[in-house]
Amino acid sequence: MHNLSLFEPGRGNVSCGGPFLGCPNESNPAPLPLPQPLAVAVPVVYGVICAVGLAGNSAVLYVLLRTPRMKTVTNVFILNLAIADELFTLVLPINIADFLLRRWPFGEVMCKLIVAVDQYNTFSSLYFLAVMSADRYLVVLATAESRRVSGRTYGAARAVSLAVWALVTLVVLPFAVFARLDEEQGRRQCVLVFPQPEAFWWRASRLYTLVLGFAIPVSTICALYITLLCRLRAIQLDSHAKALDRAKKRVTLLVVAILAVCLLCWTPYHLSTIVALTTDLPQTPLVIGISYFITSLSYANSCLNPFLYAFLDDSFRRSLRQLVSCRTA
């Protein structure tokens, strides 16, 4: 369902916003039938992502909420990332049902809710990663200068997280407003129904997502890390700062790894948006297959972060083992 993957390839409504590289014009009479291998592979891949994501993010939430020593500033942001991923994987079965049934059976309220959750997933990851990058900027710079970051507390991190959720809610609200049920080729679909001219509004929605969901947060993150590297080059670390730097290196590595995986999963989708805005690709089986691959890659981001925590965070591994052993004892 990515950036409304509730929409089908090749459908006639020019408000198409799904994961597809091209947008069909209004004269297309019917959607192209999916190749049989793709019709089988897509729900299987979505199902695996859903199962792995639910299990992994549930484990992350369990550890972070039940272990007192895991209540750190960085983990507040990781907790919110896990909540966003968990919400998305919880509604992914509805996407799978929509794909298999080829129609929307869940009503308009659920349509608006699923569209909103989908958009939360699109925007929240990079927004929280921008906040985590800003936090790393302050911590690493303060470490290099042998000082503490004033006001960096667990409570402050929670307040910032609430502010991020409020901002994301404002950003995704237009999608929920435009989402509604519409009859297309005799089937009821959950789609974005834009005012006239639809083509203009469709392009505006894709540009809106590209700028607010990718260009601004990624530019902010890049600016933070470039500025940090330039500042560090000008600072001579003393022995105390070097010791602190080594102690905090794993946390910084974890944040950078989460960011790298997020960009790997989301960049192809946003590049496809540029293609959709600048070209008029036909809805061929190849284009549809590439589009579903891009969608699946963006979905996969919701199940990969727990593996990063398990491999890169010793505290997370220890806490998870202790909680599991306590439950089985």
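Start at 1 and count along the chain as shown; that gives each residue its number.
Glycine too: its Cβ is placed from the backbone N, Cα and C atoms.
Predicted, not measured: the structure shown is a model, and the values here were computed from it.
Straight from Swiss-Prot, the features:
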- Cys111-Cys190: disulfide bond (DISULFID)
- Asn3: N-linked glycosylation site (CARBOHYD)
- Asn13: N-linked glycosylation site (CARBOHYD)
- Asn25: N-linked glycosylation site (CARBOHYD)
- 1-39: topological domain 'Extracellular' (TOPO_DOM)
- 64-74: topological domain 'Cytoplasmic' (TOPO_DOM)
- 100-114: topological domain 'Extracellular' (TOPO_DOM)
- 135-159: topological domain 'Cytoplasmic' (TOPO_DOM)
- 180-204: topological domain 'Extracellular' (TOPO_DOM)
- 227-250: topological domain 'Cytoplasmic' (TOPO_DOM)
- 276-285: topological domain 'Extracellular' (TOPO_DOM)
- 301-329: topological domain 'Cytoplasmic' (TOPO_DOM)
- 40-63: transmembrane segment (TRANSMEM)
- 75-99: transmembrane segment (TRANSMEM)
- 115-134: transmembrane segment (TRANSMEM)
- 160-179: transmembrane segment (TRANSMEM)
- 205-226: transmembrane segment (TRANSMEM)
- 251-275: transmembrane segment (TRANSMEM)
- 286-300: transmembrane segment (TRANSMEM)
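Most Cβ pairs within less than 8 Å of the transmembrane segment (160-179), among stretches 40-63, 75-99, 115-134, 205-226, 286-300, belong to 115-134. Per-residue pLDDT, averaged over the topological domain 'Extracellular' (180-204), rounds to 86.
Note on Cys190 (disulfide bond): other Cβ atoms within 10 Å of its Cβ, all shown chains, come to 25. According to DSSP, Cys190 (disulfide bond) sits within a strand segment. The DSSP breakdown of the topological domain 'Extracellular' (100-114), given as helix, strand and coil counts, is 9 helix, 0 strand, 6 coil. For the topological domain 'Cytoplasmic' (135-159), the DSSP-based tally of helix, strand and coil residues reads 16 helix, 0 strand, 9 coil. The residues of the topological domain 'Cytoplasmic' (64-74), classed with DSSP into helix (H, G, I), strand (E, B) and coil, number 8 helix, 0 strand, 3 coil.
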